[in-house]
Ligand SMILES: Nc1nc2c(c(=O)[nH]1)N[C@H]1C(S)=C(S)[C@@H](COP(=O)(O)O)O[C@H]1N2
Ligand SMILES: [Mo]
C-alpha cells in the first residue's frame, strides 16, 4: 500500500465517523413531522380574534422566492389546461373584478397540540368559484393544479375549488399581501390545511389527473381536511394563581365544519364541563371559548376537547401532525394558592 492510499483510507474513515452523529441527529429531527417546521411565536397576552399580520405564523419550503423579493415584475396569473376559455390576468385585471372579503382561519398541518401555527385573518380578493365559471373547466377536468413562484404546487379537487367562500386573495387584514404571506396572490379554501393554500400563485392548470404536491410526495395526506383543534390560552403552563373565580379560556377550530361544543376536564378526562362559546367572526373562523370556575388551593391539570357539526367530540387519541394533522387533548398545569 502506498502512503498516499493509506492516508486516503484514514481520511475516509475519519469522515465517516465525523459525519455519523450528525446524520443520526438529522434523521431524528426529521422524523416526527417529516421536516415541516412552521415558524411561529407564542403570544404573551390574550389571543386576538384577528391575528395581526406581523404575528401570523409563516411556513414555506424555501422562503420568499427571489422573483417575489424583486417585487414580482410583470406578474401574470395564467389559467390554462382543460378549460374552454384560458385566461391571463394581471393584478389590475384582478382588482377590476368584484372583490370579496372572507374571514378564514389558516392552520398549518404541522401545528402541534396547543401550537400557534394557526391564525385568523380577513382576506380580500376574487371568488374562485366565479373565476371557474368564467374559464369553464371541461367536464373531465377533475383537478385544479395550483403553482407558486417557488416551484411549490398542490392539486385541489374541482369540487373543493368551487367552495362558495374560496378565494384568490390579494389582501390580508386590509393591506396588500406581504411577501411572506404570498404576494401577489394566494389561495384560501375553507376547511383545508395550509398545505393546500398555495402562496405566490402564477398558474392554475385544470386537468383530468392530479399531480401530487410537495408534501404529499413526502407521505403527507392528499386531502388535507382540517381536524378538530382546541387549545387552552389561559392560564399559561406553570402559572401561579390566587384562589377565587378564574376564567379558563382558549380557541377551537374545525375548518368549515363549525365548532358546536367545547369542554374542559380537571380530572384526566373522567368528567367534563361545558365551556361557553363566543360567536365566531365567520363560519370558517376559530371560536373563542371560556369557562368560569371557582378554584381553591391545589395543583391543577386542565384539558380541553371540542366537537364540530359533523365529527362528534374530539377523542383523546394522540396522533402526530404527520401525516394528516395532529390530535390529542391540550393540557395546562398550574397552581392555585
Ligand atoms: N408557494 C408556496 N405556497 C405555500 C407553501 C409553500 O411552501 N410554497 N407552504 C404551504 C403551507 S405548508 C402553509 S401552512 C401555508 C402557510 O401560509 P403562511 O405562511 O401565510 O402562514 O402556506 C402554504 N402555501
Ligand atoms: Mo404547513
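Cβ coordinates are placed from backbone N, Cα and C, and glycine is handled just like the others.
Automatic, uncurated: that is what TrEMBL annotation is.
Features as listed in TrEMBL:
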type	residues	note
DOMAIN	72-215	domain 'Oxidoreductase molybdopterin-binding'
DOMAIN	243-310	domain 'Moybdenum cofactor oxidoreductase dimerisation'
For the domain 'Moybdenum cofactor oxidoreductase dimerisation' (243-310), what's the mean pLDDT in this predicted model?
98
Per DSSP, what is the residue count of the domain 'Moybdenum cofactor oxidoreductase dimerisation' (243-310) in each of helix, strand and coil?
0 helix, 41 strand, 27 coil
